Amino acid sequence: MRTPRHDLSRRRLLFGGAAVSAGVLLAGCTSNEQNPTEAQTKAAGSGANTEPGKKVSIGFSAPAADHGWIAAITNNAKAQAGAYQDVELKSVEAGADAAAQRAALSTLISQKPDVIVLLPHDGKELNAFGLEAMKAGIPVVNLDRAFPDARAYRCQIKGDNYGMGVAAATYIAEQLKAKGVSNPVIGEIPGIESLELTQERSKGFADTLASYGFKVANRRPAEFTVDSGQQAATGLFQALPKIDAVWNHDDDQGIGVLAAVNQANRKEFIMVGGAGSKKAMEDIAADNTVLKATVTYSPSMASSAISLARLIGQGKGMSDLVELQVPKEIVLASETITKENASDYLKLGF
Amino acid sequence: MSEATDTSLPAQSPPVERAETAKVDAPAKLSWWRGDGGEGAKRNLGLLAVLVVLVVIGILTRPDLYGDPNWVWGNTLTILKLASVVGVVTVGMTFVIIGGGIDLSVGAIVALAGVWCTTVATQSYGAGGMIFTALTVGLAVGVVNGLLVSYGRLVPFIATLAMLVAARGLAAEISDKQTQVSGNTFINGIASTNVLGIPLLVYILVAVVAAGWVLLNRTTFGRRTVAVGGNPEAARLAGINVRRHTVLLYALSGLCCGIAAVMLTAQATSAQAAMANLYELDAIAAAIIGGTLLSGGRGTIIGSLLGVIIFSTITNLFAINNLSAEAQNMVKGGIIVAAVLVQQVQFGSLTQFLARNRATTT
């Protein structure tokens, strides 16, 4: 039973060596460089506001990206800042949770940037930080996740979650009406259920469907990931042998949902996506899947947030508005992308 | 070989379990589905009964769906398909737990292996390259886990927790934080191919379970696993190289994760750093429901498989009745507690359970 020790160590060495060298080999031939987003930023060079002005340093913080949309947020912010000669971006990682982000932001305050742009883990949890920064004389631009306290931010720019639901439901209801379906079976695949944004999206969807006399037959939440999307959709298809329409809240998880559609061989319904990923827009344009539309929630809002922060830092307003200063709140409209306009929006896809 | 008791392995399992382990070490007569002293079979029958109850609830709540034999057959296959990925991970996990360890990094390994096999560069080598990459990455990470635990003397909980964080970080880096879409029709076909009317994924699950069962119940490796988990010191004195064996157990778990990564990538036709979220908890829960002792030395592959299928059936039950995911998680939690309690009462020994109960209340 006893193995001589030298034998063991030799074998161990071989084994470990093989594993490590395989890893190195794999690492050597793996690359995934993604080009920085063009077109999702607004190039400097047109209009009086884009002319170089007072130098502005902008502190930036967004949660660590494990998801295409958040990754696009950070990329867009960096690209937009790079497009201005007069902007210096100080970026800090937000870490894994609200507490980590608060710690990272406190180091940012000590660097005294002119403006801070942040996408909080949770607006409620970071509200106190917003108040602190504002009190210290640093204007805060909140990106996407609203602070409950109006004194905690100078400007807020966000997507319209309720509006996404409204847009998705409107498209679905109009399509079904045109087909003459009177009592449709409608499924819904939301993202992470506990998030307020998910609840707002679902409420907009349900409210609007109700105005047409329709309702959601079954709702299986996923987790914004492809594999959870695939599993949620598989569950939905088991529960509903015949479906007329599905709204999937997120195009990233939608890749998994479409995979489940193919695997279950279900083509009898129309599907609407959410957020507006490049892949979704390409699928819609090609018109060879059940995905017929997606409603936007564009990460280009990060680019806009940097532009607004720069204007705030320079004390300028938005040149098309009469006001001398940047407005307090901007809510993007959720637009509906279909086969007809997909090519126009493709440049905004992420 | 007499150096160092392996402090990383829990050696303080209660005396009852140690007695059971000794029974396994002896050349016991093993029936085809017993993996331990004989209680495994009874326990597995109990799990089957739970499964039957769940199906009956399904029939009672949705008689319209269950009235259609085609739907019932399709639904059964869907449940098995959804169980397949976690099932494969659970087989590896069962080995690690029986061997006295725990592997918290399985979900992260699945994500890392999946993301690595779908990177642009790896995809250009075709399906063979992708599968090789997934398996190699899974195996390599498993080996690192094993080395940290056995030679680095880290507590398994800490070593694999660190790996959980690190592997997800590496996965995010390699995938450039993007969803990596697999354009490989062979890989994607794994999830949609049926052989003789049964999905290929189910065959893979069956093959891994069968291999795991043979390995645990019919080989020296399996006997050593039980011995190492039951009492590492005794196992060492009996001439088992406990450290090397521990490395092999984690390597096995990593390899299972590599296989699962290919299956999950095929299902989702893509991979993402955040995928396979919380699979470690699903796999541990399934193994424990299946009767695997968390402190090591006891467990069955069939029990773990039944545990996974029970979870998958509950998910299905909630889906067809349009009940919320929160309620589903509460029920899952309840079932874990109930299963362990029932096992203690029914099979452990009622008197001992009561005695322990009395001891805690006085």
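Heads up, the Cβ atoms here are built off N, Cα and C, so glycines get one too.
From a predicted model like this one, the values you see are computed outputs, not experimental measurements.
Taken straight from TrEMBL:
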COMPBIAS  B:1-11  compositional bias 'Polar residues'
REGION    B:1-22  region 'Disordered'
TRANSMEM  B:44-62  transmembrane segment
TRANSMEM  B:82-115  transmembrane segment
TRANSMEM  B:127-148  transmembrane segment
TRANSMEM  B:154-174  transmembrane segment
TRANSMEM  B:195-216  transmembrane segment
TRANSMEM  B:247-266  transmembrane segment
TRANSMEM  B:301-320  transmembrane segment
Outside the transmembrane segment (B:195-216), at least 6 residues beyond either end, the same-chain residues with a Cβ under 8 Å of its Cβ set are 35, 77, 80-81, 83-85, 87-88, 91-92, 94-95, 98, 222, 225-226, 256, 259, 263, 266-267, 300-302, 305
Chain residues outside the transmembrane segment (B:154-174) and at least six past its termini with a C-beta under 8 angstroms from it
8, 96, 101-105, 107-109, 111-112, 114-116, 119, 141, 144-145, 148, 273-274, 280
Distant-in-sequence neighbours of the transmembrane segment (B:44-62), which means Cβ under 8 A and at least six residues beyond its ends
33, 289-291, 300, 302-303, 306-307, 309-310, 313-314, 316-317, 320-321, 335, 339, 342-343, 346-347
